[in-house]
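Visitor: Below, the features straight out of TrEMBL:
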type	residues	note
ACT_SITE	Tyr235	active site, proton donor
BINDING	48-53, 74-75, 111-112, 139-140, Lys244, 273-275	NAD(+) binding site
BINDING	Tyr225	substrate binding site
DOMAIN	2-80	domain 'Trans-2-enoyl-CoA reductase-like NAD(P)H binding'
DOMAIN	82-317	domain 'Trans-2-enoyl-CoA reductase catalytic'
DOMAIN	323-386	domain 'Enoyl reductase FAD binding'
SITE	Glu75	site 'Plays an important role in discriminating NADH against NADPH'
Amino acid sequence: MVIKPKIRGFICTNAHPVGCAENVKRQIEYVKRQPAVNDAPKRVLVIGSSTGYGLATRIVAAFGGGAKTLGVCFEKEPSERKTGTAGWYNTAAFHQQAGEAGLYAKTINGDAFSDELKTEVIEAIKADLGEVDLVIYSLASPKRKDPESGDVFSSTLKPVGQSYTTKTYDTDKDKVHEISLEPATDDEINNTVKVMGGEDWERWIKALHDAGVLAKGAKTTAYTYIGKKLTWPIYGHATIGKAKEDLDRAADALRTQYTDVQLEAYVSSLKALVTQASSAIPVMPLYISLMYGVMKEEGTHEGCIEQTYRLLSEGLYAANPSLDDAHRLRMDGHETNDQTQAKIETLWHQVNQDNFHQLADYEGYHQDFLHLFGFGFDNVDYEQDVDPLVNW
Ligand code: NAD
């Protein structure tokens, strides 16, 4: 089949297997060009391993530290007529490359929120790895089925306390326009915390600990975005921000609960980037396009792979990592520092429909968006017939 991007709103509904493999290969090549990560973990579990920050972390652990990696993701497999999701093809490409490098890789595709999947992962750890030294929690999901009650909770992207009117960029219509977002109800806030907060991370760690598969001195981290003034009303201080605050609570609880294995638990704050999760958040495409332009000019722009390489080498496995006052690892400083934010803010106030393409790096944003699904690579022939049935 010849595969061309099918973009619907903020999502692309298909993916290109060869392009996804290229995306993975480029990240692996980046890591191989860096010095190996010192004291790197050797057995790593990545929950949310197939795209975005989780995939990048898996690549750093494997190719920058020589780790055996066990991944968990929720992806659709391809059929004769329909492509698989990008995460499916990314995982297949990762397995292929890891195999060629002699690195153990196993991926379990299913609902990470369920108890059944946790049991399956523990069985795989016992059979293949014995224990794990690092657990990455990198899920981004719009809903979660509570394994105890069976209730399904949905997350919402809304401000908290008061309505908020701001600019946004509609990627579908190529339009900068105003949007007004109504404040979330208490239920919407609580449900978002239920989906994206720390509860499931804690359940994972408890299950791993109780099964005796958390190595002594193991580390775990969950990912957050803190951002600054421009994004606070829709992110940091909004429903998703409340869920992220709950990660801080969970990290504290994990640190005090699992002293028998000297577990180190951190929330890691990463920069805003184009991923499947972030393109769904109102305001973010506009903010990210402006921010990309500013950071590229400053020479500080990074993607998922650069961020997660630094997270392991300068954060999680550094001798004296710097932590903020909430005990978080901060990899977002190049974005959130006052000078960079001031430049983005100036552009934010100026940007409108007429000057958007001059002021913002939408080209960079759009290219990253296409790359997420394996499109837009200059060395991939998109006219070629390709077999969508790729497996791992
Ligand atoms: P993403 O959409 O690229 O990746 C999400 C991953 O979760 C995928 O591997 C997907 O398969 C998996 N997943 C989703 N639901 C699942 C389920 N029920 N069971 C198993 N796997 C499931 O997202 P991302 O942007 O890489 O986000 C990962 C984390 O990083 C999130 O916590 C996010 O808030 C955080 N973060 C993102 C940004 C950003 O700008 N993208 C910035 C800072 C922090």
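Heads up, residue numbers simply count up from 1 along the chain you see.
Using N, Cα and C of the backbone, Cβ positions are placed for all residues, glycine too.
Buried or exposed, and what's around them? Tell me for each listed feature.
Guide: DSSP assigns Tyr235 (active site, proton donor) to coil in the three-state reduction, outside any helix or strand.
The DSSP secondary structure for Leu139 (NAD(+) binding site) is coil. For Leu139 (NAD(+) binding site), the same-chain residues 6+ apart in sequence whose C-beta sits under 8 angstroms from its C-beta are Ile47, Gly48, Gly54, Ala112, Met196, Asp200.
Around Tyr225 (substrate binding site), taking its Cβ as the centre, 23 other Cβ atoms fall within 10 Å, counting all chains.
When pLDDT is averaged over the domain 'Trans-2-enoyl-CoA reductase-like NAD(P)H binding' (2-80), the result is 97.
Over all protein chains present, the Cβ of Glu75 (site 'Plays an important role in discriminating NADH against NADPH') has 21 other Cβ atoms lying within 10 Å.
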Visitor: So which of Phe74, Leu139, Lys244, Val274, listed as binding-site residues, have a Cβ under 6 Å from an atom of ligand 1?
Guide: Phe74, Leu139
Visitor: Roughly how many Å lie between the Cα atoms of Gly52 (NAD(+) binding site) and Glu75 (site 'Plays an important role in discriminating NADH against NADPH'), rounded to a whole value?
Guide: 13
Visitor: Taking the Cβ of Gly48 (NAD(+) binding site) as the centre, count every other Cβ atom within 10 Å, in any protein chain shown.
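Guide: Neighbour count, Cβ to Cβ under the 10 Å cut-off: 26.
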Visitor: Could you tell me which three-state DSSP class Gly52 (NAD(+) binding site) falls into?
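Guide: Once the DSSP labels are grouped into three classes, Gly52 (NAD(+) binding site) ends up as helix.
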Visitor: Just the number: how many Å between the Cα atoms of Asp111 (NAD(+) binding site) and Glu75 (site 'Plays an important role in discriminating NADH against NADPH')?
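Guide: Roughly 10 Å, rounded to the nearest whole number.
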